[in-house]
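Trainee: Per TrEMBL, the features are:
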- 336-485: domain 'GAIN-B' (DOMAIN)
- 502-752: domain 'G-protein coupled receptors family 2 profile 2' (DOMAIN)
- 339-366: region 'Disordered' (REGION)
- 500-526: transmembrane segment (TRANSMEM)
- 538-556: transmembrane segment (TRANSMEM)
- 576-599: transmembrane segment (TRANSMEM)
- 611-633: transmembrane segment (TRANSMEM)
- 653-682: transmembrane segment (TRANSMEM)
- 703-722: transmembrane segment (TRANSMEM)
- 728-750: transmembrane segment (TRANSMEM)
Amino acid sequence: MHKSLTAAFESLNGERFRFIGANSTEYCLPESLRVAPRKNVWWAARLGESVAPRNLCLIEHSGLPVTRRCLGDYLYGCAWDWNPGSELCSHEKRPTTDMLYQYSVSQLNQSMLGHVLSKAGDILAVPENIIPADLFYLSKTLENLPTLLESNESVEEVPKEERRHYFCNISTILSRVMYLNETTVVLSQRALNTTNILLDATETIVNQLALANDTRAMMQGKQYDCRDPDAMQQVHQHDGTVLFRTARLIVLIADPTVANVTGLALFRSKKLHTEGEDLSDAAVHSEVTEEEDFRDYTLRYLYMNQSVESLLAENDLEIGSFIPQHVIEGLDELNKAFTTSDEEEHPDTVEESTTPTEPDELMNDPVITSTPPLRIIITIYYNDHAFRETKNGTIARPNSKIISVSLPGYGSRMPDEIPIYTREITRNLPGRCGYWSFEADNATEFGHWSYDECRLLNVSGSVSLCGCFHLTSFSRLTKDIQMVETVGVSQKFIADKGTLALDIITAIGCSMSLLGVIGIFATAVLFPSWRSKASSKILLQLSCAIAVEMIIIFLEGPDIDHNTISQIECALLGGIFHYIILVTFMWMLITAYLQFMRYVKVLGQLRPAHFILKATVCCWGGPLLIVTLFLSLDYTLYLKRDNLSDICYPHGAALWYGLLLPIGLIILVNLVSFVIVLYHIFTIPSNLTKTADHAMTMAQLRLSVFLFFLLGLPWIFGMLTTGTEDKLFAYLFCLTAPVQGFVLFVYFVLMDPTARRFWCRKLQRFPCFARAAKQAEGEQTTSPNTSFNTYL
């Protein structure tokens, strides 16, 4: 249709108008449905959606399928962002990826359901072998499976034992996702919304299976340990329930009309519970070992008449939730109200329904069909791997385990609050009650933690009681920094052209900076008289800090595997990085002070007595005290939170109060000093000739650029980059901040008359440089001195 419409408009091209194009306002349309040489096949994508090609095409260094994003708006229509060719595809053969890909694009049938689910769980059993593409194709496979269960007849025909395996396989898949490296999970989620697809698909499958009539036969109080197919515990007093337990996932399905059970609580064993225990922050966000699972926790079923406050008072409570009796009764009233409104909207149908009808006709009537059977599904997740926000900057991170509550067929909005109990893993952190929303705030992220329908009701020790109207996954949340832009460290989520350009720019800038610092050190080594100047001593110390920072950036980074270095090594590396950044900014503050004294306070002593010694002690000793303090208080503040955008770097209080606060204050002081110095410099020449005035203006501009880099003001772009997807400030930051060392070399060596004269005399000894060096020295002695010098 699109091709026909385009051809029709093109045939009308003439003098009166020119046809530009025809775009859909909702979709980016496929350009071809056939594989062509050096091209990929793209299906339609919704506005704002990123999609993978129909064919298998993986980017080798990221482990992701190549992606393409649908951009535009509802006014001008949708258009693809770029068209990646097949030359980006890796030729490496991965049997597991090929298998999952084939599952995702094949027409599966009912007989294959059990095999696919079992095979998917087996593939996830080796977490280190999983790449982001595996998780994506697994999620797309599961997304297609609910169509096999849409027919109740096909679900009813499933044998009871096979149905139990379905539940166990789904639970095992989600449990093993929580063992995967966070890099793999977040990278796949960020690029292609993978975990949201996975969560939605598994929830749909479990809901459809739970509503099937034959599932009622399984609900006899049994608890299945899915790690051991033969293990089963019979609990007769809880008839109407069935529970599936895996290493890191617990699923309860309950029929409250039979057993009065509407919830589940998880309790810590005596081995885990210590009065007033406060687990370290590393337990929240760091990779956990395989031994950390639900084996040391006990379960208790909760009834609809459970006392809300009495459960909160229990010291061993870890997490739990239940649906109170008045909420269940409110659901019945809502269903009656909806039925009444439907009858009012279809009076003819109601009138016909008053006449005698056959039972078969009654079952098929769209208005008189009975409400779905009441099933309550409680799911407890061990960690937040599948619930990660993908935006930059400050994000919400769970400070507790995660519990999901759902009632299939009854919607997500409850008539009253349901209680959610969560134990904070790290105490005394400001947090909020929240639920996971699958809807994105904008087109650049997938899913987020939301707070609008949850509130904090009470707190008892480290256990919080929240009340929520919305049924989904809940947790007690705190704030964390997903990514902090530093020199040479940019986010590496999606392997697209923009990110590649930023990486290249950053690498070039850091290389130039290192070369500039080497030039400064070479000047100091070769020319002792230049090295002995006070300004050169300050420059050398600033250059030394910049050099160490650049070396750490080249050696460290998100590519370092979290599991290849110990926690102590990571903490020490993060502490050194923290320390050297503070040292660099301290020397920038010293230079700002000297420039202020030089160009603003022109009278009086320029430097106090023993200024270099005092500055050295302050700049190298002050940051050492700060870093030592935070390392001694909690070294886990310097550990990696994930392997994607994170590095061994300060987090939490160390980041906010030990790094961002002092850096922000220094940048503010330097910015004010920069403005005042420029004001005094540009108001100096008032009685110069036009020629001298032009030369002076150029010198002033050169000095302005120099001061901008010298005082670290490019870091303003880095701060503006945090929390936004706009690439403008990212490009400005990567173009300016990494080249600071090179700029210092240009101004303090190449543009300094004394240093330039030293180099010219040195180069005259070499025949190939003699003529150029002699000419440069001659120009230097005859050129008018209209530039500001670059002394500190």
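Here the Cβ of each residue, glycine as well, is placed from N, Cα and C on the backbone.
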Trainee: Considering only Cβ pairs under 8 Å, which range in 500-526, 538-556, 576-599, 703-722 makes the most contacts with the transmembrane segment (653-682)?
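Mentor: Most Cβ pairs under 8 Å with the transmembrane segment (653-682) come from 576-599.
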Trainee: Do the transmembrane segment (500-526) and the transmembrane segment (728-750) share at least 3 Cβ pairs closer than 8 Å, excluding pairs fewer than 6 residues apart in sequence?
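Mentor: Answer yes, regions in contact.
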Trainee: Contact between the transmembrane segment (538-556) and the transmembrane segment (728-750) is defined here as three or more C-beta pairs under 8 Å separated by at least 6 residues; is that satisfied?
Mentor: yes
Trainee: Examine the transmembrane segment (611-633) against the transmembrane segment (538-556) and state whether at least 3 Cβ pairs sit under 8 A, considering only residue pairs 6 or more apart.
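Mentor: They are in contact.
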Trainee: What is the average pLDDT across the domain 'GAIN-B' (336-485)?
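Mentor: A mean pLDDT of 75 is what the model gives the domain 'GAIN-B' (336-485).
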